[in-house]
Amino acid sequence: MAAWSRTRLRWTLLDPRVVGRGLCPQGARAKATIPAALQAQESTEGPGTGQDRPRLRSPAELPGTGTLQFLFQLFLQGYVLHLPDLQVLNKTKYGPMWTTSFGTYTNVNLASAPLLEQVMRQEGKYPIRDHMDQWKDHRDHKGLTYGIFIAQGEQWYHLRQALKQRLLKPDEAALYTDALNEVISDFITRLDQVRAESESGDQVPDMAHLLYHLALEAITYILFEKRIGCLKPSIPEDTAAFIRSVAIMFQNSVYITFLPKWTRPLLPFWKRYLNGWDNIFSFGKKLIDEKVQELKAQLQETGPDGVRVSGYLHFLLTNELLSTQETIGTFPELLLAGVDTTSNTLTWALYHLSKSPEIQEALHKEVTGVVPFGKVPQHKDFAHMPLLKAVIKETLRLYPVVPTNSRIITEKETEINGFLFPKNTQFVLCHYVVSRDPSVFPEPNSFQPHRWLRKKEADNPGILHPFGSVPFGYGVRSCLGRRIAELEMQLMLSRLVQKYEIALAPGMGEVKTVSRIVLVPSKKVRLHFLQRQ
């Protein structure tokens, strides 16, 4: 009976008499679903319409899905936690450019490297991305200042100019090498404790969970110069509460994004979402307050000339680059960004190395050739480890931390692939789809780090398009913490491969992805760490 009801509902939702031509399952063009803001005028004037050029087409001529079909795909077909897979399906059906309508909004999806390049190279001084309304709803609800991830325009530019200090340049990131190595040493101690507790004496039952603790400890140490106990056998309760709150916030974000606002008082997702954010900001504010009090104590004791500028937040506060409210609005977001990028990427990298013993052995040989066993790698060593860098690049290609991004070009009309889009069109950049495009990456679903090495051979054509994989973004709105994240992953992977042989636990099978804004493993990744002699 239930199966019959689902089948009946499916055909009801897809019946053109119910949903109109824009939702036809065969992909009839969704002109009716394009709002007025996207109805580009087909006049004889404007860009690209001179006598010597073909007429630019209207966005209304693009194929795509309407609201009901999109909701059907999300909640009845189960794509709500697998949006990148839905984008792969839509590209196969519609081609590299299609629309998705949701309520009064219509987005233009771009799923090829040349299309991404066309949009990203037209960014202005203040690139606009998705407004992240759900994050703004929480900030507005609590009276918080917008942080770097949701601020736009001049406010975003001010935050960006302040926060890029001591982060963006490789030699600035190198300043954090000793701090990261200190945390990684503690992580390896904790790793050995977890291994010893396992039945086999060498297994880690949940690699992502353990690496999450590493990443949180590392980013907190960099931002606040404070250790918060993530790598101890017993984690402090406020730290554990923060970790739980991040998971709760992300899990409920998926439903908050796609359910209408009138459902918020009726369903549990909104309350859980708010509580998650409240705890995240409470944790961040506590760390900020402690650093402010520490700085005040130094000022009272030594005066302004005696203050020793050390860590990242200390530097920003001492130089008065951010107000108190801007600091409170931004630093909890930086904590989140610093955790998910490295922990998930390292998990995927170790998973694939465990499945690729030949690549792992080549990497071990490279690392120990530069840094023998017993020595700790330094920033300068990675200039001599091209395979290590290639492993990280290939992992980020297969699993971009944020599989989908967006841009809204507000200053002008935009010409993309023969179409003319009006100002304020939102372009969805399908990074996951693009980075698995066989025309850019042959055998796109296989783990092949050697494709990133400079030497081009018959079996290694190299990278065929520079925008095929841009996991840290592009231009002035690219990832602020890229250099820190790369350094942390290089240090972590090199030290693990130097000391252990990594093997996949029996019965693991294939690990798929789940999208909860960021891309995470669908199940616990169990690995064996075998001590090298």
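Even glycines carry a Cβ here, placed using N, Cα and C.
For the residues LYS136, LYS142, the entry in Swiss-Prot flags N6-acetyllysine at a single position: LYS142. Swiss-Prot marks one residue of LYS93, LYS261, LYS523 as N6-acetyllysine, namely LYS523. Record note: of LYS286, LYS355, LYS375, Swiss-Prot gives the feature N6-acetyllysine to LYS375, with no matching annotation on the rest.
When LYS291, LYS380, LYS512 are compared with the annotations in Swiss-Prot, the one labelled N6-acetyllysine turns out to be LYS512. As annotated in Swiss-Prot, N6-acetyllysine applies, among LYS125, LYS296, LYS455, to LYS296. If you average pLDDT over the region 'Sterol-binding' (386-400) in this model, you get 98. LYS142 (N6-acetyllysine) counts 11 other C-beta atoms within 10 Å of its own C-beta, drawing on all protein chains shown. Below 8 angstroms of C-beta separation, residues 344-345, 348-349, 352-353, 359, 362-363, 366-367, 431-432, 435-436, 441, 445, 447-454, 468-469, 471, 486, 489-490, 493-494, 513, 519 of the same chain, each at least six residues beyond the ends of the region 'Sterol-binding' (386-400), sit close to that stretch. Recorded residues LYS142 (N6-acetyllysine) and LYS523 (N6-acetyllysine) have their alpha carbons 34 Å apart, per Cα-Cα distance. Of all the recorded positions in the record (LYS285, CYS479, LYS512, LYS523), the one with the smallest CA separation from LYS375 (N6-acetyllysine) is CYS479. Mapped onto three states, the DSSP output places LYS296 (N6-acetyllysine) in helix. Nearest Cα neighbour of CYS479 (heme binding site) among the listed modified residues (LYS232, LYS285, LYS296): LYS285.
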